[in-house]
Each structure stands twice: as C-alpha cells, then as structure tokens.
Amino acid sequence: MGSMSRWLDVEAGADDININTLPTNVTFSDLQNDNEVKLIIGDFGRGDDGPRLKIFKGAMQISDLTLPDLPLGVVSFYAVDSNPRPQPVIAVAFSSSVHFYRNLKLFYKYYLPSVELNAGELDIWKQLTNPSNHNEVIILKLTESLHNMPHKVLSIQSRDFLTLTFDEQLEYLENTRELPKRRSGEIVCISSIKLSSVDKHAVSCLVLGTEDGEVIVLDSQTFTQTNVVNISPVKKTPFQIVTTGVYNVDYRITVATREKSVCLLKRDWKAGRILFNTDDHIIAIEVFTTDNSVLVICADKTFSCYNRKGRKQWSLILEHRPICLTLVPISHLGMTLSAVALVSGHVTLYDGKYPRDNIFIRGGHLLLKILKRTADFNSNSTGIESSEANISQRPWLIPKKSKLFLEQAMRERENPKAMHEAFQQELNRLRLLTAQTLLEAYRKSDNFVGAGNMEPIRLSAEVEGLGPVFVVTLIVHNTSSERAVSGLSVLFQVISTGYRVHTPYIKVPLIAPGNQLKFPIKVEEVFSENVNPDVFFRNVTGQAGDGSVIKVLLLKEGKVSPVLAATVTMPPTDPMMIPYDKLETSNFGQNISQK
Amino acid sequence: MGLLDKLSSWMGGGGKVVTVLVLGLDNSGKTTMLRTLTTTEQEGQRQGPGASSVPTVGQRQENFQSGGVSFRAWDVSGAARLRSLWERHYRHCDAVIFVVDSADHLRLVVARSELELMLSHPDMSGRRLPLLVLANKSDAPHALSAPHVASALGLERITDKPWHVCASSALSGEGLGDGVSWLARQLREKH
Ligand SMILES: Nc1nc2c(ncn2[C@@H]2O[C@H](COP(=O)(O)OP(=O)(O)OP(=O)(O)O)[C@@H](O)[C@H]2O)c(=O)[nH]1
Ligand SMILES: [Mg+2]
C-alpha cells in the first residue's frame, strides 16, 4: 500500500514518546517565530510524573515545563500586535486559574472572580455554627434544607459537609466556628477568538467557559473580563467552545454542553440560545469557518452535521465510539476535511460525509504524517485498505435478484437478433460521427500537424512563467527534408478579454528544410478592478478555466483560411504574483464572509 | 549546441558548458550553495558567502566553473506550490544537484518522495545523467551524516544513473568542492 498512500510517514524516532492527555490540551504554535510550527501538549503525566507542558519540534521533544495542576485546555495566541512580530502566548487553563506563558516563562496568572455565597446557604451555616443548635433534630433539619439547595450553587465546604455521616457532621461542627468562604468559580473550557482581523498573526482574546454556564471573554492585553454572557436561558454547563468570526466585527461562539445540547452566542446577544439538541451525550463539536455548519460526534456512535440554523444535514453511524474530532484544512486544494478518531485507534478523514482516508495509531504515541504534494481527495481510491479488511470479514450484502432483473434477463433471451442489430446501428452511427468530426477539423484547419499541401509543417507551443506575464514559445517546424517553406505568418486569437498578447501578429521568415524557428511571445493575464477572490485559491498547476484558451493560427500568403491552428491553455497566475494594488482589502474580506 | 554556446566555451578556455539543475526542498540551501560556489570561483564580485539569502521565487540562473567544466546552473524554488515547475527543466539539463537539509529530519521523507518523482519522470528516467546529492547543513546541530541521508533517501535503489552523496555546508563551502569536482569528472568523461 506504500506507493498508493497519500501520506509520507516520518520515521524519526517517535517511538519512545508516551503521551497521556485529552484533545483539548493539544495545540500547535509557531512558538519561536521561525515559521516552524511546534506541537504543544499539556500532558497529565503517569504515575509519579506530574502534569507537564511538552513542546515538540517535529518528533523531537525540545522542552518540558512542570504544570501546577492537571491542565484542561491549552491555547496559543498573539496578545499584542507589534513589529517585529511578538512571540505567541501560551495559555494553560486549570480548574480555578489560567496561566500565561511567553518564551516558555510564566508571566501572568488569571483567577476567575469568586462568587458571593448564596444568602440561604449563609443563613443555614450561621445556624449550624451556633453551639445551641447542636442537637440531632435541628442539625438534621438544617442538613435537609442544605441538601435541597441546587448542588451547583453550594460552596465546597457545604458540599463536603453533606457527604459526612451524622456523627462526623457533629464532630466537624464542634471544631469549626468559621462560615464558608466565598465560592470561587470554576473554569471548564478555554478557547480564543481573533479580535479584529483574521490574519494568521492577528491579536486574539481568550474565551473561557465556566461551570456556572457562563462564557467570559478576556481582554487581550489586561486579561480582565470584557464580556460575560450566559450560554443559555436555562442553566447549561459548557464543556467545549468553538469560535468563528472576528470579535469586533461579527462572530459566533458555538458551545457544546453536558446537557446534550449545542448553544450559540452571537455579537450583541444578551444570552445564548440553544442551537439544537442531540439524542445522546456530545463528545466533541467542530464548526466550519466558511458556512458555520456544526459537526458533532456523540456517545451513541453518531457523526452528524447541522447547518448554521441548527437543522440536521446528515448523520453517520461509526464503527466504534468516537473520541475526538478535528478539522483538517488542506489549503492548497481549497478544501477542509474532518477527522474523527475512534477508541479502536482508527482515524478517518471525511470530505463532507464521505470517508476519504484511514489512519491507524496506537494509544500514547505520536504519529507524524505529511501529505504528499500530489495527493488529492476526490475519490476513495487509496488508503482505505484497513476498512476493506473489515469488509471482507463481514458477509457481503448482496441484494436478492429483483423481479425487474429477472424480467430484463428474459427479454434479452427472447430478442437477441434485434438487440444485435440495434448495437450495430449505433456503432455505425458513432463511426460516422467520428469521420464527420475529422473532416470538420480538417476543413477548419483546427489541427497542429499539417495535412495535404501543408504536410511538412508542425506547430507546437510551450507556456512558461508564473504570471501574470507568461512566455508562450511557439515552435514552427519544417519537417520536410527537401522543401523550404515561406510566406507564413502567425496570428493570435484571444477568445476572452482576460489576456493581452504583446505581439499578436508575426511574419515568419523562410524556414529551411528540417529546421525549426522559435518565437517567444509575451502573454499577460489581465485582472479587472474587482478580482473575484476565487483566483487566490486556484492551483498553480491547474488550469485557469474556460476563458484561458488562446488560439494560434498559422496563415499562408494567398490562402483565405488558416493552414494550421493550435490551442494553448494558459495556466492560472500564481496567487503570489497577482497585483495586489488592484484589490481593496476590505472588499475582499466581505466577499469571503458572504460566501 | 548553438553558436553562442560554442563561442562562450571557446572563450572559457576550451571547457564545456553544461546545464545543471539544482533541486531540493525549500530552505535546503540551494541558493546559498550556488552563491558560495560563484563567489569562490569569481573572487568577491558578489556579496560574500554566508550573507543570508531569501527564498527563491520561480528560478534563477548562475554560472560557475570547476574542473575544466563551465556550469550553467538553474536554481529553482523548492516551495511546495512551485515544485511542479521543476519538470520544465528536466529536458534541457545534463546533470542534477539535489540539495537536502540534513538537519530537517521531519521532511527527509518529503525530499525522498520528490527525488523519486523526479527520477521517474519521463524526461528523466533512463537517462544516464549524473546525480550529486548534497547532505547540506552538516554544520547544523543534529545534522545526519551523509550515509544516513543516503539511506533515508533510498539512493541505493538508483541503478540507471551515476550518483554521489557528500556532506556539505553551503555557508562555509565545506564539502562543495568535492561534490562539484565529482560532477565535473562525470561530465568530462561523458562529453
Ligand atoms: N547552518 C547552515 N545553514 C545553511 C546552510 N546552507 C543554507 N543555510 C541557511 O538555510 C536558509 C535557506 O537557504 P536558501 O539557500 O535560501 O535555501 P533554498 O534551497 O534556496 O530555498 P528556496 O529558494 O526557498 O527553495 C538560509 O537561512 C541559509 O542561511 C548550511 O550549510 N548550514
Ligand atoms: Mg533559493
């Protein structure tokens, strides 16, 4: 399968790497500003090894930092906009704080503001700590009312107190005079959002999700709260946040909750709304930046897609329980795949709902695969071997012969002669069509090898360059061994207005027998004032589309129709070479977001 | 060979002019290598070696001489989006220098796959043109040795072309002389 695969496997010793973490603790960052992306993992550690932040360059671990607690999310972002480009900041979230690292040094700690104690809870504790109330009846009554309060609003002290037996409670109360302190908030998830530009190095601010069902946006420089919103009118607990858009312009914060629903928050909304509910617990979500559709994997082994309005588009049943989901943008092909990892260690890449590739990885390991430059994802032809093996073990689902099929077979047996005749007739018609097309081509001289009178001439063309100015080299070859040709000229015909030919008419001098002449001609792709943003996503080796055809006509003195014609398909201009001064950046951004 | 080419080879003291194609991934050191070669040959007409180079867009042409052979070298860009342009040069080249960043362990597989694509191209396969592989950046930390690079690229499987691998440092020029004189020897024998 090696030669068939779309991937190149990096063999550099990643074998002894032992990772123990969750998907939210894995991120990428150009940590050293050298245009080389590093892999950053907040690792839980194993056994005696505590939690650590591990940095990998390729498959090589280059640094390692002790973390104070189990991490629950790692995010990398740019906090300031300066020139030269600043180092990215790594934010590691723990349940009560977020630590910020720059240059791998801790430089700031953020704590969620603590929450005032519930008045009722405080009142109960006042009575509990009063020694005159220390008898069974009253304590049981107070414990009961404490128990009846929603568990989530209780302080740690109350929660602990409720787990004790009555004797332990009594003993606890005898030793304690203190009222519970203010309750500190708990962080459950972390994400980031671009502040005012989608540029790769643009400033972002942090977005936190809390146990109390709030989403908090932190200022990118002061790390103070700039916005706090509830994710839903009914209390829901977030566990994953995905942001799309730009905070100062327009954005969507999509939140997966533990209560089997996905909530949505938009700019200027006072509170979030439920976008849709799922049948079983959500394991992970992802959101496409292009159309804001939401992918969801659930505990019932489903993988589904919902549109931006929350309507279900499609759903698949997976073979095993999914454990994580991510988007895989393949920018040079202009597509975004999604990857779903299953407990079995299989990772499947999907284009929409169609599986395109399969990868297998052992738990705890690091696997590095590089997509081949020539790979495409248009069909399912490669890399599905492992699932094919599964299929061969399963019995084939062969449908029963239908009535329709039986009737058809019967008719075929009855009418062999008529069928044969019909086939022969169609074959002759095809032959006639071929001959007509050939004659037509000959009459219109739409061919690059001469026939009849002009037999010894051949015309060919080569295109070179990155654009917008290309060089088309025309080669006129006299293939005859005794006759010279003269009186020829070349005329360019541009079908659309997208190209300008610098010398559209050339007189060809005499060509001696067996010789050839080359004519390098400049052809320029012309861009109109408002360029369609699609041109930026064209492939360098692909073709520029229908308008990119140029006809080259070889004319002979004294003849009315051209003797030869060649068609040259121009390659698209490399996006890097497109004259940017013609584009208005603001326009360009709008076009993108409307799509 | 055209008249102009013949003229320039007479002027160059009877040496041959051969076209050599310099290939390799982006950031492997192709431009730096050529700059070092041209400055040592034509003393100090350009910026000194070691001046850092910018990524090449498209292609550039450089000329240098070694072992009685005049080289016309095509330095092409190694960026992934532009690698498909390499094949434009295959038909017109007499030799290939393939530059590998021996400290870039991660992308050795990519270099290998590009080398294989090049060798199997219709304009290349079956032609006995010499292939010089430079295991470049040998001065960098964690650089792999030349034999290690050779086996990672699977050079032992190339049977239709004479090939040679040597460790080099394009910045200091170390190892370049060895490699290029091997290439000159091969080309003198052939022409
Ligand atoms: N340490 C070390 N660095 C080198 C060496 N050769 C090149 N470099 C550095 O590698 C970087 C890239 O070198 P270039 O010569 O521009 O690479 P290139 O192959 O021409 O790259 P493209 O034009 O993008 O295909 C530069 O920063 C060089 O200074 C070497 O032998 N040792
Ligand atoms: Mg270069």
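Each Cβ is built from the backbone N, Cα and C atoms, and glycine gets one as well.
Please treat TrEMBL annotations as automatic predictions, because they have not gone through curation.
Annotation comment: TrEMBL describes B:Gly24, B:Leu25, B:Asp26, B:Asn27, B:Ser28, B:Gly29, B:Lys30, B:Thr31, B:Gly78, B:Asn136, B:Lys137, B:Ser138, B:Asp139 as GTP binding site. What TrEMBL lists as Mg(2+) binding site is B:Thr31, B:Thr56. Here TrEMBL flags B:38-58 as region 'Disordered'.
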Any idea of the Cα spread of the GTP site, B:Gly24, B:Leu25, B:Asp26, B:Asn27, B:Ser28, B:Gly29, B:Lys30, B:Thr31, B:Gly78, B:Asn136, B:Lys137, B:Ser138, B:Asp139, as a max distance in Å?
-> 21
Which residue, out of the binding-site residues B:Ser28, B:Thr31, B:Thr56, shows the minimum number of other Cβ atoms inside 10 Å of its Cβ in this structure?
-> B:Thr56
On a count of neighbouring CB atoms within 10 A, which of the binding-site residues B:Lys30, B:Lys137 is highest?
-> B:Lys30
Out of B:Gly24, B:Asp26, B:Lys30, B:Thr31, B:Thr56, B:Gly78, which binding-site residues lie by ligand 2, with a C-beta less than 6 Å from some atom of it?
-> B:Lys30, B:Thr31, B:Thr56
Give the distance between the Cα atoms of B:Asp26 (GTP binding site) and B:Thr56 (Mg(2+) binding site), rounded to the nearest whole Å.
-> 8
Using DSSP reduced to three states, classify B:Lys30 (GTP binding site) as helix, strand or coil.
-> helix
Other CB atoms within 10 A, centred on B:Gly78 (GTP binding site) | 25
